[in-house]
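Working notes, structure below.
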2 protein chains.
Amino acid sequence: MASIKRLLIGSPMETKRLKHEKLPKWKALAVFSSDALSSVAYATEEILLVLMLLGTGVFFFSLPIALAILVLLVVVTLSYRQIIYAFPSGGGAYVVARDHLSTTTSLVAGAALMIDYVLTVAVSISSGVAALTSAFPSLLPWKVDIAIALVLLLMTLNLRGITESATVFAYPTYLFIISVLVLIGAGGWQLWHEGWHGFNYREHATASHFLSSGYGMFILLRAFASGCSAMTGVEAISNGVPSFKPDSSKNAAITMGWMSFLLGTMFLGITVLAAGFGVTPLEHKTVISQIGQHVFGNSIFFYLFQMVTMLILVLAANTSFAGFPQLASIIAHDRFLPRSLSARGDRLVFSNGIILLSVLAMILIVVFHGETHSLIPLYAVGVFLSFTIGQFGMVKKLWKEKNGRSAVTIATITTGMVVTGLVTIITVIAKFTQGAWLVIISIPLLVVLFYKIRAHYDKLGEQLRLDEQEWKRREKIVEPKVIIPISGVSKVVAQSIQYARSISHDITAISIIFHEDEERKLREKWEKFYPDIELKVIYSPYRTILSPMLDYINEIEKQTKGAPITILMPQFIVKKWWHTLLHNQTAIVLRFFLILKKDIVIATLPYHLKE
Amino acid sequence: MASIKRLLIGSPMETKRLKHEKLPKWKALAVFSSDALSSVAYATEEILLVLMLLGTGVFFFSLPIALAILVLLVVVTLSYRQIIYAFPSGGGAYVVARDHLSTTTSLVAGAALMIDYVLTVAVSISSGVAALTSAFPSLLPWKVDIAIALVLLLMTLNLRGITESATVFAYPTYLFIISVLVLIGAGGWQLWHEGWHGFNYREHATASHFLSSGYGMFILLRAFASGCSAMTGVEAISNGVPSFKPDSSKNAAITMGWMSFLLGTMFLGITVLAAGFGVTPLEHKTVISQIGQHVFGNSIFFYLFQMVTMLILVLAANTSFAGFPQLASIIAHDRFLPRSLSARGDRLVFSNGIILLSVLAMILIVVFHGETHSLIPLYAVGVFLSFTIGQFGMVKKLWKEKNGRSAVTIATITTGMVVTGLVTIITVIAKFTQGAWLVIISIPLLVVLFYKIRAHYDKLGEQLRLDEQEWKRREKIVEPKVIIPISGVSKVVAQSIQYARSISHDITAISIIFHEDEERKLREKWEKFYPDIELKVIYSPYRTILSPMLDYINEIEKQTKGAPITILMPQFIVKKWWHTLLHNQTAIVLRFFLILKKDIVIATLPYHLKE
């Protein structure tokens, strides 16, 4: 066991090796943007999939929807650039809300963020596998298996503790950016020469009667909400300001600008190409891969493009492996999550958080059969909810401080907050029946759970506090009453009795028999070896050991008021693991139940077998 | 947990309720023959499936093969009728071989029988589900699930302890016998009127060139071996002689005769009808169901026939639930299997044996996708091997006794032995590549396992034996050295120290810290409360507890030669199960490893939390 762990995870690392590296802008862009940029691999498709409910005739509407999302992106970017300057120490929505709003609000943000981290893994990995199977359809039957394998790979790498800032992680991001820009360039050139042969405004006219209905508008809103999945992860840079080289705020703000510009360009470009080429979503071929095939044909470039897309999506999933355990440890440190989530493992990473994230993501992947489209509706609610709460906290803090921050800053962040708040509401309404309800139910449930956990720890602390008053009323020290369950006379019994004599003079052996005629023989042998120790024999007609044992302990408790009761249990330690199966595990079951039900000490004596 | 168990399994039963009922012949026939008679539901099909390798042109050969199997049945029946008179106390091949041949031979028989019991469950249930899906093809996708559900149902019923001799179990057997006889009668009448329109001797001539080749002969032998699956379970009556009403031997012999007569008639009748109607094996419709549909049409009788067929097959599987745990308990009593298989549970049944059988059968069903045909090749080897060993043991005993048993008896059983021995060899050769190799490998592996288990128990007995010599050299009694791991000063620590004081004066508290600066604060508080107790603080740079703990114990061991070391470990007992997740489970892991590696006593103190 331990050696397998070492092989996979590596040797333990000292606490002192925890350190932070400062990143140049070009590297920071790669490190913090893979989540945001990778979403262009699926965002356009999600818009088209929703529009399909009204027929392909309305596909032209993907363009105005994409423009609306670009406007949203600009508003959010401006707001977060102000935040970068105002809060150079970083800190996500949870910390900001905790410090400047109320506990409940911060827990809502925390719950939303945790759900989104899990969804980022599930969505990015599913989408990455879709990129792979679009190029190699023969892999389709193993879609879910490949996704699970990728999650397990990320889990193992992160349990080893990968340095997120390693230069090697910068390559896929830039490869992806270049690939998409080349795609857009070449595709644009083709479109120019071939002419716009996809969906156009003329169809708009025939489709517009759909939209006059409330249902049509509702579908448009839903398409917008789905497209907003392109925005996930844009706040990452603002949380990472301390990792930038000085002047860190300025560098982070510049990087944020570049990131948004790239994201906007790529997203718009892909949406235009999809409309221009007349791409329709297919079940087993992603929209972006159809564009890729249209532009690159079946050449090696198409396959390379798909591999790069998959790589960036896996990298995007990996960002959650840094974010989720970090957030969970902060919440656990505030005692709203189990303490075990706040402890660093022997490789200096938050091992339990990493494992928890992997397990949850794998459950989502299995339940939703690795379908990106089924997971997307759960996505945007949490993202925009935490955007809104985070910005609200910032505004409130700036307002309180009044330390000369310009009104522009406050106005910009307030605008961001209002807009993201509106998007949250739109998302909740437009995607409620598609799965968003699951998130909307989960968030309050998680908040309740957080409070219950905190209440348990608080009460525990009270119960365990040792005050001097109480401590001074020290109880009288009485020898324990020792009970030794036996089934015959053997070396194990001899060892138990030897130990019992070392801790007490009040010793009773107890034997539970299933046939009444066993008593005589046992007593005879006992008298020969241990005439000075009392032997109690109990006949159990139902061949159970636990209940006669409990009855006997109850009886003893009544007799010996106050004296501690100790039960000595021998345990065979076998040389080969499978020998365990050859021994009765009654002792283990018995120990479990006795300690659960009674206030007695159970002393386990190992008996190491020679073979 | 306990209450779910009670609901499913019922209340515990006293040991004294173990009793035996004496059966009249008609009931005994039903109880002991379901396994044998039910095999006519698949035996003919198995012959045809093998013959299909040569084309349907050779299907006419199913008739001579069936006749050969009938001859075999007569020989085995005559032999077992003699055995019934010679060994009225019953006893299967394992016991006979153990008492009259060698241990190894008996273990070979035991292994073969255990494998066959598992296969009986897997084959009968799979075949029963095939009867169901032949009538209701829409159930096909859930084939494996239904099979698993049936095994779980049988497991639950048997854990409750069903009386195998209950009259209710007699009905399905007689219903099945009557149904098949009606089928044969009506089918024969149809055949007479419609004329023989299936496979006939004329095709034989065209097919005979196949058979002139060695391959053709080999396939014929393989078809014969597959057909021998009809013979499984015919020995059941000879093992059950003590259950018959007196004169039990005579009654058992008469019943055996009837059983064989019915089995032979039904098997031959179905084979003739299959040939006459020209039935070909289909993937999703059993041969017997095709005959049924031919005779009964799509009337209600066809569906009833399928249900009765399924019922008898489930009943056949149920016989293994009596046989396997009984055999396992006998072998376990001889210490060749884990002791836990020999203990009766609280409902007086061998619970562990029942569960083991169910698990193994379910594994077979899942691995072989619930296909009867894939399981059959594994089947006959074990059956005929145990027939042969059993008869060999009987002959040897009779020979040794020479108490006037007639030469006829010995000659009859010897003939049976030789014939079944030959069939064993044929089966091994003809079906080796089809899966029989699995059984041929498993039997010696099981025998090796049996011996390894026995060796472990023997060595254990030697190690544990307490001789008076040794016992008199009683060791000096020394107070234990008590170690209390702590992480702070709390009521839990107070309770631990209170207990420690009651058993020893040599107490040390030990605290393992992850940051060097924690020591000062801890020592300050400790001095205030327990100045008289030594506190050892160890800094663990790798944030592990186990290894510094082991190092410390090693050190203590060197210092205090001979004195027992006791580690006090508090364990929180929570009020709600999920609170367990909120507490560090380090103590449990620590206890597990410490007790494995060191010769120390671990005393667990429960701390029952109030909420």
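Cβ coordinates come from backbone N, Cα and C, glycine included.
Pulled from TrEMBL:
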TRANSMEM  B:59-80  transmembrane segment
TRANSMEM  B:107-133  transmembrane segment
TRANSMEM  B:139-159  transmembrane segment
TRANSMEM  B:171-192  transmembrane segment
TRANSMEM  B:212-237  transmembrane segment
TRANSMEM  B:258-280  transmembrane segment
TRANSMEM  B:300-327  transmembrane segment
TRANSMEM  B:348-370  transmembrane segment
TRANSMEM  B:376-395  transmembrane segment
TRANSMEM  B:407-429  transmembrane segment
TRANSMEM  B:435-453  transmembrane segment
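Among B:59-80, B:171-192, B:258-280, B:59-80 has the largest number of CB pairs under 8 A with the transmembrane segment (B:407-429).
Segment contact holds for the transmembrane segment (B:258-280) and the transmembrane segment (B:212-237), given three or more CB pairs below 8 angstroms at sequence separation of 6 or more. Among B:107-133, B:212-237, B:348-370, B:107-133 has the largest number of CB pairs under 8 A with the transmembrane segment (B:376-395).
Counting Cβ pairs under 8 Å that are 6 or more residues apart, the transmembrane segment (B:212-237) and the transmembrane segment (B:59-80) reach 3 or more and are in contact. Most Cβ pairs within less than 8 Å of the transmembrane segment (B:171-192), among stretches B:107-133, B:300-327, B:348-370, B:435-453, belong to B:300-327.
Within the same chain, the transmembrane segment (B:435-453) stays apart from the transmembrane segment (B:139-159): fewer than three Cβ pairs sit under 8 Å, each pair at least 6 residues apart.
Listed by sequence, the residues of this chain that lie at least six past the ends of the transmembrane segment (B:139-159) yet keep a Cβ under 8 A from its Cβ atoms are 8-9, 121, 125-126, 128-130, 132-133, 284, 314, 317-318, 321-322, 345, 347, 349, 351, 354-355, 357-358, 361-362, 365-366, 369-370.
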